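These come from TrEMBL:
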type	residues	note
TRANSMEM	16-37	transmembrane segment
TRANSMEM	43-63	transmembrane segment
TRANSMEM	70-88	transmembrane segment
TRANSMEM	94-116	transmembrane segment
TRANSMEM	152-172	transmembrane segment
TRANSMEM	192-212	transmembrane segment
TRANSMEM	244-270	transmembrane segment
TRANSMEM	282-310	transmembrane segment
TRANSMEM	330-351	transmembrane segment
């Protein structure tokens, strides 16, 4: 009697795998095209752009949470490789940006919520959670529990990340002067994993996923492996690196996940979401650059690194941009982790039920 449900589940699983494989193939093609023209962060941007077009065109591609998590875990391990004992001293020099981060987030939230309420015409709860500078999953979950339109909140945040990830690398590369010191490398020249990588890297991946889920960390599939890998590198127990092709493959998967979020949208609906998100993104980027310029001049800190630390993109995406521009990704990770924690704590506390009326 259970044969039919089992067959149906197997068919669904096979369909998910096939659609993800198609998304990776489409994304890799886009990444190769962007790499050929020497675009910044080509494997993320190319994959993201081509998968977005393919999704809106109705091609049978998909990259949901189940397929995103292993890729995000690889990126977490890679970002952990960028941590080193000297990073603690570097972060101490960044006390003012960390102190000013809540101020930045409060102003950003106020402006963006107002934009979505007054200009977009969203209901109060949807405008509130669409305007919060937090992660997609967290804002959709919180918003849904408090009466917001979950699909609209998710699409607005997806479009914001899409726009920031696509635009910021070009802007930073155009404005950025060479970094004072090159960060530690995170990839290895070897083409294939050696025993050390299989032990330390594979262990960080597996243990990180288990701990992240058990501890219920925000973005646990990213933060768990990142924390384990970072702890190993900070302690000096290992300095393992991952092959460059593995990082590129994870970036293709990350880009495909962002692009596939627009599946099911018509072109007019996509254009409207993108236009509304573009307005809030311009507000956020203007505020980001204002804080980066001001704090950079006061403290003598690198403008590009400040812009990435304050940027309204996602933690993995902005950290990948830092890596591609030879900047210190550990600083970006610390600031975005602080942003995620602050928004997770403050957003539900600041929301009032009467706002929905």
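The backbone N, Cα and C atoms fix where each Cβ goes, and this holds for glycine too.
Heads up, TrEMBL stuff is auto-annotated, nobody curated it.
Remote same-chain partners of the transmembrane segment (94-116), defined as residues 6 or more beyond its termini with a Cβ less than 8 Å from a stretch Cβ, comprise 122, 126-128, 130-133, 156, 276, 279-280, 283-284, 287-288, 291, 295, 298-299, 301, 306, 309-310, 312, 331, 334-335, 338-339, 342-343, 346-347.
Contact count against the transmembrane segment (16-37) (Cβ pairs under 8 Å) is highest for 244-270, out of 192-212, 244-270, 282-310, 330-351. Pairs of Cβ atoms less than 8 Å apart link the transmembrane segment (330-351) most often to 70-88, out of 43-63, 70-88, 152-172, 244-270. Counted as Cβ pairs under 8 Å, contacts with the transmembrane segment (244-270) are highest for 70-88 among 70-88, 192-212, 282-310. Spatially, the transmembrane segment (282-310) is adjacent to the transmembrane segment (152-172); three or more Cβ-Cβ distances between them are under 8 Å for residues at least 6 apart in sequence. Touching of the transmembrane segment (43-63) and the transmembrane segment (192-212) is ruled out by the presence of fewer than three CB pairs under 8 A, sequence neighbours closer than 6 excluded.
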